[in-house]
Amino acid sequence: MTIQQKVPTVGFVSLGCPKASSDAERILTKLRAEGYEISPSYDNSDLVIVNTCGFIDAAVEESLDAIGEALNENGKVIVTGCLGAKGDIVQTTHPAVLAVTGPHAADEVMGIVHTHLPKPHDPYSDLVPPQGVRLTPDHFAYLKISEGCNHSCTFCIIPSLRGPLVSRPVGDVLAEAENLARAGVKEILVISQDTSAYGVDLKYRTAFWGGKPVKSRLKELCEALASLGIWVRLHYVYPYPSVDDVIPLMAEGKILPYLDVPFQHASPKILKAMKRPASAENTLERIAKWREICPEIVIRSTFITGFPGETEEDFDQLIQFLEDAKLDRVGAFAYSPVDGAKANELGELLPEDVREDRRRWLMQVQEDISADKLAAKIDTVIQVLVDEVDEEGTIARSKADAPEIDGLVYLDGHFDAQPGDFLQVKVIDADHHDLYAQVV
């Protein structure tokens, strides 16, 4: 005999113009698609959503009255719609509401509903798990915040494949992140083609999440993600000045002190040919500033060797930059022509063996730098996230290591741990890529 679970029921009040009605229909459709019941009665509802209007004074008064009635009759009220975008008028008048959003915020409203009235997951009837269908292990997930790119790097054809920058609404991004955290994900890896440009196309528009305004900009997005209480790691960060704004968040422990910035080269001539920003001198100054603000910061980057026109002098400048910057993690690629890329028009391609030899030499230089940096961690205690547990042992990662591209922490001994567990470990050895540690 099976015990039938009570279906969560949502009361709904919609005021205002046809555009408000359209927003209401989107919310109602999502509620029904997820299995929530809709009720015209306050009494039979587990909570009530009031879709408001704020166009004229009479509409504001009507909306505030409707919110008050819902609070009196039910007690659990979510407010959405135009009135929610007019400052703090709702919270000031009715501080007991659960949350407030602006208009066209269906996904944000659903996230709030999930928080206050989660629908029990039924593996027999629900086609999709709460966190969505994922290809990654259960304890970490990639969170794409935008699509496309506005740059015209000569070695890249991404803009022609994926189009210009299109940022996801911040409420949608945060709702997905919240679902992931609720499903047990311990680490979110923020990705896009150009993470630091997030929100540029939206003109940094303010949206609502959890009843609070959030600007569609990287700093504010990171602050909101930090409230989830899990690891947040930034990837594919273009070296804009705005990146400086997130470094204090790393210093405060709100997001991981990890920055993946693809510098690509250090020679001014080659950077110009690539149509990449900055110069080696300016970049070194910024790295020094980042480390001054957040001494624990880990900087990962990628470089291209053998780009068309790269001379021995250009390559020497790149090697000198590596030795000066002392980056923590580096990946390198020998230049390979891409059909449709403008770099194909820059001149004769360097011989393949030259391109590959330079890549190998760069990585050898970086191995020595990495070995010194990792050796400095011996005898320190660090936090790690367990990735794998089998009969051969336990493999984890530190805050300095992204999955698949960085190093690992191999744990000595046998103990009770599962993937997704956080552990405190003491580093006992290191090589140029990985750490070896014991649980403390």
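Every residue gets a Cβ built from N, Cα and C, even glycine.
Residues or ranges marked as [4Fe-4S] cluster 1 binding site in Swiss-Prot: CYS17, CYS53, CYS82. Per Swiss-Prot, [4Fe-4S] cluster 2 binding site is recorded for CYS149, CYS153, CYS156, and the stated evidence type is sequence analysis. What Swiss-Prot lists as domain 'MTTase N-terminal' is 8-118. Positions annotated as domain 'Radical SAM core' by Swiss-Prot, on the basis of sequence analysis: 135-372. The domain 'TRAM' feature in Swiss-Prot is assigned to 375-440; the stated evidence is sequence analysis.
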Could you tally the C-beta atoms, other than its own, that fall within 10 angstroms of the C-beta of CYS149 ([4Fe-4S] cluster 2 binding site)?
22
Rank the binding-site residues CYS17, CYS82, CYS153 by how many other Cβ atoms lie within 10 Å of each Cβ and give me the one with the fewest.
CYS17
Under a criterion of Cβ-Cβ distance under 8 Å and sequence separation of at least 6, what residues of the same chain contact CYS53 ([4Fe-4S] cluster 1 binding site)?
LEU15, GLY16, CYS17, ALA20, ALA59, VAL60, GLU62, SER63, GLY81, CYS82, LEU83
Three-state secondary structure, which DSSP defines for CYS17 ([4Fe-4S] cluster 1 binding site):
coil
Local confidence of the domain 'TRAM' (375-440) - pLDDT mean:
94
For the recorded [4Fe-4S] cluster 1 site formed by CYS17, CYS53, CYS82, which further same-chain residues have Cβ atoms within 8 Å of the site's Cβ center?
LEU15, GLY16, LYS19, ALA20, THR52, GLY54, PHE55, ALA59, GLY81, LEU83, PRO103
C-beta crowding around CYS156 ([4Fe-4S] cluster 2 binding site), within 10 angstroms:
20
Take the domain 'MTTase N-terminal' (8-118) and count its residues per DSSP category (helix H/G/I, strand E/B, coil), listing them in that order.
53 helix, 22 strand, 36 coil
What is the number of residues in the domain 'TRAM' (375-440) that are helix, strand and coil, as DSSP sees it?
1 helix, 34 strand, 31 coil
To test your reading of the [4Fe-4S] cluster 2 site: which residues beyond CYS149, CYS153, CYS156, same chain only, put their Cβ within 8 Å of the Cβ centroid of those residues?
HIS151, SER152, PHE155, ILE157, ILE158, PRO159, GLN193
